[in-house]
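Remarks on the structure that follows.
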Amino acid sequence: MDVQEGTQQSQQLILAHNVFLLKHPDVPDIEKVSLKDEVLNSVKPNDMTPYYETLVADKVVELDQSVLDLMRSKNVDEIKKIDEKIADAEENLGESEVREAHLAKSLYYIQIGEKEKALEQLKVTESKTVAVGQKMDLVFCTLQIGFFYMDFDLISKSIDKAKNLFEEGGDWERKNRLKVYEGLYCMSTRNFKKAANLFLDSISTFTTYELFPYDTFIFYTVLTSIISLDRVSLKQKVVDAPEILTVIGKIPYLSEFLNSLYDCQYKSFFLAFAGLTEQIKLDRYLHPHFRFYMREVRTVVYSQFLESYKSVTIEAMAKAFGVTVEFIDL
């Protein structure tokens, strides 16, 4: 987890997603074998002792005492080196070097999955930070910790803190990045309408690749917009949006899902929706809201269908959607 944003997704968020899939009952055991290897290939090189212990306690991986002892020993040595650098900077160097040494300790605690010590050390680093931009970067670090552990209280407080910092100043690029972080928080806490608005505001300025790739961002934008926007807004902001049009074809079923709803092709819509359900179920942020989202989508599509009629039989409706009468009745 780096303070500077790049064009790559955070390795720790990739790890968190792989651990989520390892615990997921719908993922086949054969896939979990390679997933477990990927998890250990992230944990071991980064000497993630505290996180490894959590995974063992959760029965996600088996305990290898020699691996645990080696990682623990490396942690002790690395912290000692960093503490020596901090002491040297405080005695012989300037304020910026002292801050950098403390920041290095924060990032190391984040790297090894030592959540509480990382948060404490980020506070120490912040106390030695003057520039608003650098303070904001520390908040983004905290937000990534929040999403790694799905700690929504920490995420909410950090978003509020970031907004307060922006009152002191701060550049547009960081403000735009914060919108995506807040959008992801809103989506993860079932505030789909606010998430959709924040995502749509960020389509042309997206740079938060540390959270997820652009394709995933478009996937979330379309899913949240469909259940949040009225028909006219959906056409203007989503169906005809050039940024969405360039990417949507790469995501299985998403184009059919969006366009068949707008074009009132309900049978095609339900087929595309069935194809998307697996992606929604296996998404770390959307999974807890799977059943709720399914209901919301059906509400949108049934409402749109019924607006055209004074009265309609259930048989006719079932035929239009390509489902059984019993399904509609339920």
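Backbone N, Cα and C define each Cβ position, glycine as well.
No curator has checked TrEMBL annotations; they are predicted automatically.
The feature coiled coil is assigned by TrEMBL to 72-99. Sequence-distant contacts of the coiled coil (72-99), counting only residues of its own chain at least 6 positions beyond either end whose CB sits under 8 Å from a CB of the stretch, comprise 47, 49, 105, 108, 112, 125, 128-129.
The annotation domain 'PCI' is assigned in TrEMBL to 191-330.
Helix, strand and coil counts under DSSP for the domain 'PCI' (191-330) come to 101 helix, 0 strand, 39 coil.
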